[in-house]
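J.: For reference, TrEMBL lists these features for the protein:
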- B:17-27: compositional bias 'Low complexity' (COMPBIAS)
- B:57-66: compositional bias 'Basic and acidic residues' (COMPBIAS)
- B:279-348: domain 'Rieske' (DOMAIN)
- B:1-66: region 'Disordered' (REGION)
- B:75-97: transmembrane segment (TRANSMEM)
- B:109-130: transmembrane segment (TRANSMEM)
- B:179-198: transmembrane segment (TRANSMEM)
Amino acid sequence: MSSATQERATAPARRSGGFTGAAANYIDERTSISGLVKELGRKIFPDHWSFMLGEVALYSFVVIILTGTFLTFFFQASMAEVTYDGSYLPLKGIDMSAAMNSTLHISFDIRGGLLMRQVHHWAALLFIASIGLHMLRIFFTGAFRKPRELNWFIGFVLFILALGEGFTGYSLPDDLLSGNGLRIIDGLIKGLPIVGTWISYLLFGGEFPGTAIVGRLYTLHILLLPAILVAALGAHMVLLIINKHTQFAGPGKTNDNVVGVPIMPVFAAKAGGFFFIVFGVIVLIASLFTINPIWTYGPYDPSPVSAGTQPDWYIGFADGALRLVPSDWGFMIGPWTFSLNIIAPVLVLVVFIALVAFYPFIEAWITGDKREHHIADRPRNAPTRTAIGAAGVTFYAVLWGAASSDLVATHFKLSIEGVIVTLQYTLILGPIVAYLVTKRICLGLQKKDREIALHGYESGRIVRLPGGEYIEVHEQLTDYERWRLVSFDSYAPLMVRPNARGRITAAQRTRAALSNWFFEDRIAPVTATELHHSHGPEAIHGSAEPAAAELEK
Amino acid sequence: MAQHGEGVIAPEDDAVHGGTTTGTAVEVAHENAGSPGTAVVPTDGVQNPGFPPHYPRRTDVDPKKDARAERQVSILFYLSIVGSIFAVAAYIAFPILPGDPGSIRTNNLLLGLGITLGLLGIGIGAVHWAKQLMRGDESVELRHPTRGKEETRERAVEIFKLGNEESGIGRRSVIRNSLIGALVLTPIPAVALFRGLAPASDPIKPLQHTMWAKGTRLTRDPTGAPIKASDVTLGSAFHVIPEGLNDKTDLLEEKAKAAVLLMRLRPEDLHVSAGRENWNYDGIVAYSKICTHVGCPVALYEQQTHHLLCPCHQSQFDITHEAKVIFGPARRPLPQLPITVDSEGYLVARSDFHEPVGPDFWEREL
């Protein structure tokens, strides 16, 4: 760039004025930040309520960092034994770890300490909940398709990190409930073949519970996991900007444009405002509702446990998997113990989680679709995927429900054995039923969409024609309304064909079988010709207005 | 909008506000669209009708509504200021009084509500501002294929080639392979360091033994008071720890293995297997309290059925049948502690458990 153009570029900043202009100029001359503003300042973000789920996750994470930092100033991640001498009388004189002691100190002796603890815990729950819902939104709208498969995977990593953060944080106060949680983790690890005993021994720094685990979890909780989380979150955001946000089908919206509001000012105001709303709602909940009242549980002791013990809800699916194993699963080979009651649920969870992580790649392989997809699917328009999602949700929900099997039994006055056995069957049959029902519902909705697109919707107005025939008037959609119903991707099952060497490979067969499973039942989108004909002579029953016009001729 | 190439939206342009031209189909073809795979590409698809007409908001057409919305936004921001000040006032006015739990609740509630108002005022105000007063119509921006431009990609490939040529990493295989070997090995010392996470001793041994030994008295948890056989009435259950546990420095580690449940049944209700005939004392039996599933304390005793229930994962053990598993995920019975009485009538252990207590582990039989 010549100096003349530079002069021109900077001159307006100086003229336009005052302190802001000068400051902006100062910064730009040292950072060329104007390029970033030019690139991103008017970037378009599409609007839909479901796009805010990811935002909720992001903002609650900010809240977690803010409150968590406050908590670190007071929390002592030590298992050194102290005698409680704080202002909560029922625990006075009781021996506990410094971790528990300092958590009580934060809750009862520091003004606003309890509030910060509760904001931190509620925000963490919201963080994980919103990540889960965000993932479901992405899944059911197919927003993980090319070019976003990698970002799905990064998001998945964020989800796992969030679970890790949740569990490590939950265990820090060293109270009875979280201590039992750690006890379960210890038992779980010990049950793993070959390495289990050693991993447990190294993790706890000797025998369970030892004096090391709280300090170690603390390092993970406030340093290692957040550092990875922030890095992955950064990558997630950068890819979001590079890929641009998906949008739902709508008139004027195409795979090649983004329709929405610009970052400056509308999106910034909405998103910035939304951050304060999320923060405000979390603080409101934290000021009204108690969460994790460790003072009622008391310090950790390996001997007592309260009935109705269960983990924070987001770990529930893992705890539920442990509960659903039937008795006597396991065997010995020589001196070695294979604890299938541990190995089986761990494997089930790993497979389930791996399917979630790799689903985009599996679907991409089946469809062979290498195009970029920026229009979010309506779930009904991908019936098999939606049905798989429903099956997955059901599977997760049963595991999750199983974590409260004892409470279900006591609250509904059922036998615990009955509840468990029912859940065991539901774990297998529930997803199958959910799959079949969801697929039928999707296909039904697609048929209905097709019908409405072609023939309009029933207006409830009955008209008698001159010939004596009664018909119900169908109101036609406008082109704008119809577009949403007719614009979707549709796939045909893959035909098995020999490759260049005249062979049909096993991979090809698998792919064809999967493709058949996915796309066998297929409702094609309405074509222009069909639409044209639906308004033509054949469509007398379809629409009253053209039909009446026809008769008048 | 218009066909690509007619130049309505140039990529560098500021995003064009939509709703200006309506009813035109929008179709833009990508240069690198990629294979559609098994997708059915519509040749006869319905045309995108283009943007619907834009309807102005009430605040766009009615200056009164506009002024009202403006007022509302500023009131919300003022409310936020009120909330923040209130929060600080509450912090000062409602301190925590020692020994008064109510003061903690008040402090938590009022401080929290003040902060809530401070945050929600800003949040709702900003969103209200954006929705009612900022420009209301939608804008359009073009997407571009994510893959880099051809020349960019070519240059990237070329750079890698140059890197390869100039370093010779592809050509000089001895250097390359020795480097890979070195890189693979360097993290291993770091991994080795993690052995220090646990003491140098063997992890298996402590899992096989507990504090119980011949003659150790059974004492109450947590007081440590010894238990006389005559104290254990029919149908009662005791939470038990070994005598001397409370003086141990590694109290929790020992307790995590040595915790025991003590119950008295009618001797005829017990089904005693061979070799265990003298492990109970007149119907008094002691079983490890640590669940063989994943180690929770099996704390719930059902007096009528003589079943023990683990509250964590609902494994159930039948005490009349030597704590065998009758339901739930556990796969081994709770180990039995052989007991008898000493000369003073106090319950004592005959020995340690005859098998490891607690959850399964790989080397359990070693």
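Quick reminder: no glycine exception, Cβ is built from N, Cα and C everywhere.
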J.: Cβ under 8 Å, sequence separation of at least 6 from the ends of the compositional bias 'Basic and acidic residues' (B:57-66): give me the contacting residues as numbers and ranges.
T.: 132-133, 136
J.: Suppose you look only at the domain 'Rieske' (B:279-348); what would the mean pLDDT be?
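T.: The answer is 94, the mean pLDDT of the model over that range.
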J.: Over the span of the domain 'Rieske' (B:279-348), count residues by DSSP class, listing helix, strand and coil in order.
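T.: Across the domain 'Rieske' (B:279-348), DSSP assigns the residues as follows: 3 helix, 29 strand, 38 coil.
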J.: At least three Cβ pairs under 8 Å linking the transmembrane segment (B:109-130) and the transmembrane segment (B:75-97), pairs spaced 6 or more in sequence?
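T.: In this chain the transmembrane segment (B:109-130) contacts the transmembrane segment (B:75-97) - 3 or more Cβ pairs sit under 8 Å.
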J.: May I ask for the residues of the chain that lie six or more residues beyond the transmembrane segment (B:75-97) and have a Cβ under 8 Å from a Cβ within it?
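T.: Residues 103-104, 106-107, 110-111, 113-122, 124-125, 128.
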J.: Summarise the compositional bias 'Basic and acidic residues' (B:57-66) as counts of helix, strand and coil residues per DSSP.
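T.: Once the DSSP states are binned, the compositional bias 'Basic and acidic residues' (B:57-66) shows 8 helix, 0 strand, 2 coil.
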